[in-house]
Amino acid sequence: MHEATKAPRVSFFDYIVIGGGTTGIPIATTLSANYSVLLLERGGSPYNDANITKAENFGLYFLDTSQDSPVQQFVVEGVANGRARVLGGGTSINAGFYSRGEKQFNKEARLKDEDLIQDSYEWTEKVMVFDQDVQNWQSAVGAGLVEAGVTPDNGFTYDHLVGTKVGGAIFDKNGTRHTAADLLQYANPEGLSLFLHATVHKVLFKHKGSSKPRAYGVVFEDTLGTKHVAYLKREKNNEIILSAGALGSPQLLMLSGIGPKDQLDALNIKIVLEQPFVGQDMADNPLNVLFIPSPIGVERSLVQVAGITPFGSYIEAIGGFNVIFVNLSDYQGYTPEEGGFIYEKTNGPLSKGNLTIVNRNASDNPSVTFNYFSEPEDLQKCVKGIKTILKTVNSEAFSNYKLANMTTQDILDLNMKIPYNMNAHGNTSTSLEQHCKDTVRTIWHYHGGCHIGKVVDDEYKVLGVDSLRVVDGSTLLNSPGTNPQASLLMLGRYLYFDIQNIQGSFRRISINTCFV
């Protein structure tokens, strides 16, 4: 890793990958085996920040609002949100739960080679993923979910199965986080150049006659404000890959001249390709949380157990952490150390919004809407999810961790008083529908803006231009599985292993013996 200040002012590569995150690192690492690759990350290293590397410090970076924070915060409809600004992307700041996506994701992502899907998952799991020691409180949550009807009990598995399961984690037994950056140990150091604090301003295009515009380089800036230009070498298959995330990739397309005409004209951006679907159909999976006070101490634990319901609500739990980062007084006399959060994620939200750029500064957040719970189907999934959590809390299996005199209404009213978002609302829960709306949060699984079939084709090539692909959460029709990191890591490895295979340049050898 090198700071972008050390980058040459002009350079040439076979491939340029924008975004050193969950998909960008597997892509760059895979390509480096046979090509020269430039990987540009706008943030810094995850390895020198104990708030990132240690499970006990989970989430403290969300309190850091500095320009050097690994999280760039933004607010949508009163809900505080964040986008990764660090090598490793979301794997450097998430809660660490690892679970593969459902089979439907493979179809939506146009992935057909089942063996390669499996190999790509295992390629990641050998480096990043660990079994978990499930302790008493999490075990009670799991048993309570089964008692509440989230069946069968599937035990430990990485697979996405209806029922209750224990998943993997990217935290090891010592509580140390292993991010996508750890996959760089697979990389060919002679083939990969990686620069940190490198903010890409735009992709450069050539356009001759009636031919399609062709991407041929990028402009990026270091922390001293110096501009650098990296060009593609002139081989036929060379290309630029956008993996800047669900906010960053549509934003960069627009800043480069690909997007809705009205937005580009408003900011005097030269139009390379009018593309009305860039930034459209943005979605975020709503998260609704219940804090459950306990009469006894609760072991600190991040997500270990997941309840996958057949009706589209995914239920997980975190114990003993102040994971919503509010003042202790907001817990109404209780403490997060004596209690835990059980929450439901609404899968496949039909409620959609859009992304627009507000200026030509790539460092600034674009404007985004998600329109949480604007579609009644999403709201009903949340209601069913909250009912399932309450059944879990009232189960015999969970009884040791529930205050005997606390009613269901007491639990709901307590959680109405906890500031889960910035929106004003009453202090009592009058209906589960209203409760979902009033307490909505994010699980940071937002996606869309460069949908497959609208902005990119089935091979993730940007429609209407050459030598440019988008491969990240912005292409997703739905957020895969309970937590998308496993699927996105797999996607980056799968696509570029497969592409090199097709081009006849990649030697497919065992991932067990490829790197010693």
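Glycine too: its Cβ is placed from the backbone N, Cα and C atoms.
TrEMBL annotations: computationally assigned, not manually curated.
Looking at the candidates C382, C450, TrEMBL gives C382 as the cysteine bonded to C436 by a disulfide.
Same-chain neighbours of the domain 'Glucose-methanol-choline oxidoreductase N-terminal' (245-259): 18-19, 21, 42, 74, 83-84, 89-90, 200-205, 269-276, 278-279, 282, 355, 357, 360, 362, 365-366, 368, 446-450, 455, 462, 464-465, 470, 472-474, 476, counting only residues six or more beyond its ends whose CB sits under 8 Å from a CB of the stretch. Note on the domain 'Glucose-methanol-choline oxidoreductase N-terminal' (245-259): DSSP counts are 11 helix, 2 strand, 2 coil. Our reading of the FAD binding annotation (T22, T23, V86, V200, W444, H445, G473, P484, Q485) yields a largest Cα to Cα distance of 25 angstrom. Taking a C-beta cut-off of under 8 Å and a sequence gap of six or more, C436 (disulfide bond) has these contacts in its own chain: P286, N288, F373, L379, C382, V383, I386.
Counted within 10 Å of its Cβ, the other Cβ atoms near T22 (FAD binding site) come to 31, all protein chains included.
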